[in-house]
Structures are given as C-alpha cells and as structure tokens.
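Feature annotation from TrEMBL assigns domain 'ABC transmembrane type-1' to 94-291. Annotation source TrEMBL lists transmembrane segment at 12-31, 100-121, 133-156, 168-185, 226-252, 272-298.
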C-alpha cells in the first residue's frame, strides 16, 4: 500500500513538472512575451527594458531553470496590472472558484446518479430512453447558452435570483446550475452502465433466488459495487469544472480564477495568466491523486495488486 501511494505521488510530481513545462513553452512559442505584454504602440526601448527586467533576454534554457527554481519557492512573479504577487492574486480568487465547482458537482452528482440509477432500474423502458436522451441533450447545449437561458428565466422574467456577483447562496445558484449542466450526462451514463453490469452478476441472481426484491437488490447490494467507476468520472469532471469555469464566471461576473484569467488576457498580464493556468493544473493533478487514494481505500483489488 505504501509503495502504491509513493508511486502515485511521484507520478503526480512528474505530472506537475510536465504541466509547468508545457505552460512555460506554450506561452513563449506564441512570440516574444515582452512584446505581447505591451501595447502595439510601445517603443523598442520599452520592449527591451521589460524583456531585461523579466529575464526574457536570457537563453531559453536559463529562463526555464530560473522558472523551475522560482516555482519551487512559490515565486510566480508579479502581476503587471495589479502590481502584486501573481500567486497571491490567484490564491485569493481560488476559494470563489472552488465554491462554484463544489456546488456544481454536488448538483451534477445528485441529478446524474438519480438519472443513472433510474435508467438502470427501468432498463430499455420509456423512462430509460427519455432520461438517456434528456441528459444527452443537456450535455450538447453550450455553457454560455445555458447560462443565458437561466438568466432570462430566473432573473429577467421571474425576478428570483441575481445575475452577477457573489453575495451569498442566491448569487451562487445560477452559475452552479450552469456549470453543472455538462457533467450530468457522463455521470448518469457511467452509473447506468455500471449498475446494469452489476445487476447481471451471479451474486445478484442468487439474491433474486433468495427472494430479495429488485429494489432491495439494487439499492442494498448493487450500488456499492457499481459506484466505483463513477468515482473516477466525478473526480475528472470536478477537475474539469475548476479548469473550465472561465465562461461561467464571465457570464455571471463571478469573482473566481476564471474571471481573473480573462482580465489577465485583456490586460496582457503574462505572469498572472501563467500563474493562474499553473495553479489550476496543479489542483487538477492533486484531485486525481486523491481519487487514486480513495480507490485504494474502497477497492480491495488494488490493495492485492
């Protein structure tokens, strides 16, 4: 068990290194960072001064080594627009993004599991086909379209919920519903397929011969084993939510990291954008590491391996 945990931890560190390397080179492949950070009318002297102050006049491999050293010490540079530590700005916005992602994944899990369980229980019935088609339709809708429709219904027409800001639970509901729309389908499909596979197992047939009702067999004996594959889907979708909250936060003016990235791009704030993407990548990798540990605790087959 300890060996497995150590192996996954080292793999996570390598993934963080890989993410940091990709972020470093992708931004530099787009052109001269100093030129990109300054407005088009900036003079060559201004570009040269910024290039020297940020170390862009050094060879790329020296820049990369310095970048990794700064990463280890938590120094991701200063925001050119806010004149403050880029890391502090990102961490300051992260709680709002996590609140949004957690709320959205809870909604998606409740609706997705409910739809998946009911579809498996009513396999090949009208209810099964209706639920499967419904969640597929929801998944196909663009996030910005879902957000606009929810605003029109609950804010413009019914005047029930605010459209922007972070002023408590009411402000969270619309962006959370918008962000939750996409992951409902993969959770529901995985739950349905896994539960149907479990129901067809021999021990479930034995339970039927012993006189257990279908509902009892499904709820008491089937769900635990069927839930294992769903854990992976939920963890992946949660990571995607944190990384993909940019559109939702922009629509609802939610003060999270996604909105910060948009502001950084608009202001040509290269260090802020780099820090935001890197922190989100690290969180995504950490979520996957925690998921592996959860699997280790609840799935005896991994312990045996």
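For all residues, glycine too, the Cβ spot is worked out from N, Cα and C.
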Pairs of Cβ atoms less than 8 Å apart decide it: which stretch in 12-31, 133-156, 226-252 has the most with the transmembrane segment (272-298)?
226-252
Counting Cβ pairs closer than 8 Å, which of 12-31, 100-121, 168-185, 226-252 has the most of them with the transmembrane segment (133-156)?
168-185
